[in-house]
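Per Swiss-Prot, these features apply:
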- 994-1039: compositional bias 'Polar residues' (COMPBIAS)
- 1071-1094: compositional bias 'Polar residues' (COMPBIAS)
- 1095-1110: compositional bias 'Pro residues' (COMPBIAS)
- 1118-1129: compositional bias 'Polar residues' (COMPBIAS)
- 1130-1154: compositional bias 'Low complexity' (COMPBIAS)
- Ser349: phosphoserine (MOD_RES)
- Ser836: phosphoserine (MOD_RES)
- Ser974: phosphoserine (MOD_RES)
- Ser977: phosphoserine (MOD_RES)
- Ser980: phosphoserine (MOD_RES)
- Ser988: phosphoserine (MOD_RES)
- Ser992: phosphoserine (MOD_RES)
- Ser999: phosphoserine (MOD_RES)
- Thr1050: phosphothreonine (MOD_RES)
- Ser1053: phosphoserine (MOD_RES)
- 815-835: region 'Disordered' (REGION)
- 933-1162: region 'Disordered' (REGION)
- 6-46: repeat 'WD 1' (REPEAT)
- 60-99: repeat 'WD 2' (REPEAT)
- 106-146: repeat 'WD 3' (REPEAT)
- 158-198: repeat 'WD 4' (REPEAT)
- 207-250: repeat 'WD 5' (REPEAT)
- 255-295: repeat 'WD 6' (REPEAT)
- 298-338: repeat 'WD 7' (REPEAT)
- 385-405: repeat 'WD 8' (REPEAT)
Amino acid sequence: MVKLAEFSRTATFAWSHDKIPLLVSGTVSGTVDANFSTDSSLELWSLLAADSEKPIASLQVDSKFNDLDWSHNNKIIAGALDNGSLELYSTNEANNAINSMARFSNHSSSVKTVKFNAKQDNVLASGGNNGEIFIWDMNKCTESPSNYTPLTPGQSMSSVDEVISLAWNQSLAHVFASAGSSNFASIWDLKAKKEVIHLSYTSPNSGIKQQLSVVEWHPKNSTRVATATGSDNDPSILIWDLRNANTPLQTLNQGHQKGILSLDWCHQDEHLLLSSGRDNTVLLWNPESAEQLSQFPARGNWCFKTKFAPEAPDLFACASFDNKIEVQTLQNLTNTLDEQETETKQQESETDFWNNVSREESKEKPTVFHLQAPTWYGEPSPAAHWAFGGKLVQITPDGKGVSITNPKISGLESNTTLSEALKTKDFKPLINQRLVKVIDDVNEEDWNLLEKLSMDGTEEFLKEALAFDNDESDAQDDANNEKEDDGEEFFQQIETNFQPEGDFSLSGNIEQTISKNLVSGNIKSAVKNSLENDLLMEAMVIALDSNNERLKESVKNAYFAKYGSKSSLSRILYSISKREVDDLVENLDVSQWKFISKAIQNLYPNDIAQRNEMLIKLGDRLKENGHRQDSLTLYLAAGSLDKVASIWLSEFPDLEDKLKKDNKTIYEAHSECLTEFIERFTVFSNFINGSSTINNEQLIAKFLEFINLTTSTGNFELATEFLNSLPSDNEEVKTEKARVLIASGKSLPAQNPATATTSKAKYTNAKTNKNVPVLPTPGMPSTTSIPSMQAPFYGMTPGASANALPPKPYVPATTTSAPVHTEGKYAPPSQPSMASPFVNKTNSSTRLNSFAPPPNPYATATVPATNVSTTSIPQNTFAPIQPGMPIMGDYNAQSSSIPSQPPINAVSGQTPHLNRKANDGWNDLPLKVKEKPSRAKAVSVAPPNILSTPTPLNGIPANAASTMPPPPLSRAPSSVSMVSPPPLHKNSRVPSLVATSESPRASISNPYAPPQSSQQFPIGTISTANQTSNTAQVASSNPYAPPPQQRVATPLSGGVPPAPLPKASNPYAPTATTQPNGSSYPPTGPYTNNHTMTSPPPVFNKPPTGPPPISMKKRSNKLASIEQNPSQGATYPPTLSSSASPLQPSQPPTLASQVNTSAENVSHEIPADQQPIVDFLKEELARVTPLTPKEYSKQLKDCDKRLKILFYHLEKQDLLTQPTIDCLHDLVALMKEKKYKEAMVIHANIATNHAQEGGNWLTGVKRLIGIAEATLN
């Protein structure tokens, strides 16, 4: 007989109520094992264990067991001991242990049976000798075992000698049955406190009343019960209907040959009943029809207990006195494989038979009298049901109707937090919630990094993370600027310090030989003789005065040959001199990795590929040496999302195991860990810079698994967005996409053969290449302007250009005039904004290709590109710009007033995948301009308006409400309409323009949500030529990237020029030289692009209205004074951003610029009832500041900055609701009492239940609590 498991124990047992059940066994009373040992043990077994000979947990007990039962909630195991004790046990799955909870000795002698109530987990019944039956309350008896007294069921109708079987009614919690050594069974009612029914049976064969030793209740019918006789003369199973208790309803007496010892009625199918007895057999019955279904092979001794697994009824176990507990399945039936095996066995030789006969087990199958499928294998009617996407679909039993329901299942709730974060592009609530339920310390560090990124932006974060620990760059730069004259005087003093005087003469042949070479002008010989005589310093001075580069190189080589192996500084000098960092990356101590990263930044300012390669190589080395967080920072700087994913994927199993230890099931642990991974990856990819394709199969598999989990909650929109971010040529992605579309009630879009492409989905634009020159469609002239007043094709903004170069993919560009906005692949989506009333007059052959400087310190700035005619030969728009070549991006002066509709079915000039690597050097310009560097003050950036895109352009889905995109658009030309550019990431620290006093007031209810702009400019107030061509760019705030360039063209007369430009915010870029006409050349310097080409300065007409821009410092302190009622009918001049965007409406400054750097200036405006919160937090911060070690000064400074954000919100009354303010009052009160753990509970409550209000200040409160607790003593 094939067995699923076999445990070599002579023991009674009980099943757990799990889907994958465990089995607990206890040495049965009255037996001695093969070693004649009388030891007793309670053991826990797993059906999935690799070694079935060893239990997963064991506990020695001082007495043997008569019975065991496991509570329905799996918390308590009750044991009936032979010494008269009732003992309770608990299991601990974390460390696989069994522990004794309590022991009771209320029975006068041996306890024979125990049974937990089916309806109330805390109620237990026990029976023993002398007719003793006790009712136990687990809640009370475990609290005070020594003082607890169990209840009795009441008065019995007749005396009972021994109670050996108990069974609770499955429908009524107060009714149970008992049976024993007497010739009757009793039905008890605890409410009536007495025996209410007396069952007895007289055999028709012998005329003698039979002993009813076993009792079992019907699983669904409260009036039906089964009893079994223990007599060997007439073994029978009796089915009773208590409404007629005089005569059994059914009698099953054609199976067992001897007395019956055990019954079990299947709880999942009332048509199945198991029995076992002293004839060593187990029988399966249909008690409803009184049919014997199967007889299982006989065992070697009595089978005294058999039970179905409660939650896996296909399995059952049988305990016998043959020293075995066997676990079998109802499906153990004869099949064709058994017949083939029998034929093979008969063909083996006699030698093989006798060699193997002692090792082979019996594979006897059960005898089947009537084949009956359990109800859980199929429906009795032709109905069917299935589930997908959170919906359960059922065909009604009559087959004529359909029922669709949305069941609420624990663990399959919709991820509303992630969906909302993608919609609002505000990940702070998600981060705050994750920070209070981190899995381990490493996971907490990752979320702290994301929280820091969300507050500072990528550029500011990297600037701080890659700076030296003692590098106060801002203070040093200011001090250097103030003392610049003193520095020049210092070097002048050094230069003039030596004054030759007095007589001297040349001594020795060496000096004379070298001097002769010098005075003769033979510099090479002088250097040669100096080096041959080990006069290295003299050789260096001689070479410095020479213009011969080879000579200088030879002297440096001599220096490195002598000192390179002796001095660490020489190694640094060698790498800097050779402009190679391989030696530093491979050999410099990893603890000094910041020296290497600085060298990489400075030596490869323009070679992005080489710089990123070295940063990744350094990150790999840091990761190998245990510097995990530092390696993540370098991968972020290099834009290597794949490297970050590889680290997190390798840690996934460990995080899953840690969740399992928190008493979570395997599924719960896996789904929670998967959701956390996707959320962490999504948030991180929002800040990473670079363009990449998802090729990691393991990462794709995780996303598909999460998509499947998301669809299980019915959130098809979120699932569709993530599917759109995956490679479209992946077969599994295609299958899942089709499945989700059909389940959501949509169909796959028809692919137009004329416009189909083979491009892969990327973290940026995954569907179409917007940079390919477009050929006109035959039969449709490219210069024809077609009035378009209808809805745009495929959701595009009317009149938007389809040929804009994409900006850097992971960090949003400041502005762009292209209709498509690309960010990080998993960045939040772009939202549609209201179209501007301005209409651009432009020829259909023109293209707007304006680039905004990426706000990443390692990304190069971009240059606007010129137009290209669609009728010309297709050009590579990514090829390096040659001197004299026109710059793309200018507007044609001849244009129509109405934007043209894109031609239909135009043929692309080239396929996108052929153009993937054609952009090397497109940003390189030949002209070098060096000017005196100076430090510029940073200004604030407000997010511009948002564009609608037909497809998600980043790794993060484009819109939480989007569905499957239509087929790719044809590369047809279209006129450019003045639409708002895509938004900046609102946390990126990039410069913006200061709004004039006439800017309308923007009302923001949540400072952490993207501001909504509804500003409309009147038609005709601005010349479209000025809007498109006379745009200037603000220098990027990136300290390492070259600043953006300005495109210049002559404005049309009568046009309104843009507002004056603010100063460049690049601390390393030189100051732009002001020209007489008010324009300036772009700054250049050691950290800028050496190949930048500058244009003639623009000439603007004098603005008719509007004051000059206010400095950001004044704006921060006097923000209210520059706000204006938007209802006034004023005409607003256009506001320019750092990229050519003609109609960029003014936006409010970022939160960081609005928060006053002095908290004292805002305290007087805070409401009186909230002032104590501010006062205490200030005082507590002042208290801990001198007590905090110097190495934690950065954390203290960060805490101060975050608390000022909180004070700002309390002053403005714009973010925090009253419940959150009440929580802050409670938190402050607890901190005053030094109850920091309780204060952290309040913090967790805010992060969990008020995450939208937590923003960036909540981490500051948490940090202050931690510092205050650490400095308490």
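Easy rule for this one: first residue shown is 1, then count along the chain.
The backbone N, Cα and C atoms fix where each Cβ goes, and this holds for glycine too.
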For the repeat 'WD 3' (106-146), distant same-chain residues with Cβ under 8 A (at least six beyond the ends): 29, 66-73, 75-76, 78-86, 88, 152-153, 156, 159-173, 176, 178, 180, 188, 190
By DSSP, how many residues in the repeat 'WD 3' (106-146) are helix, how many strand, and how many coil? 6 helix, 18 strand, 17 coil
State the count of C-beta atoms found within 10 angstroms of the C-beta of Ser349 (phosphoserine), not counting that atom itself. 8
Please count the residues of the repeat 'WD 2' (60-99) that DSSP assigns to helix (H, G, I), strand (E, B) and coil. 0 helix, 23 strand, 17 coil
Mean of pLDDT values spanning the repeat 'WD 7' (298-338): 89
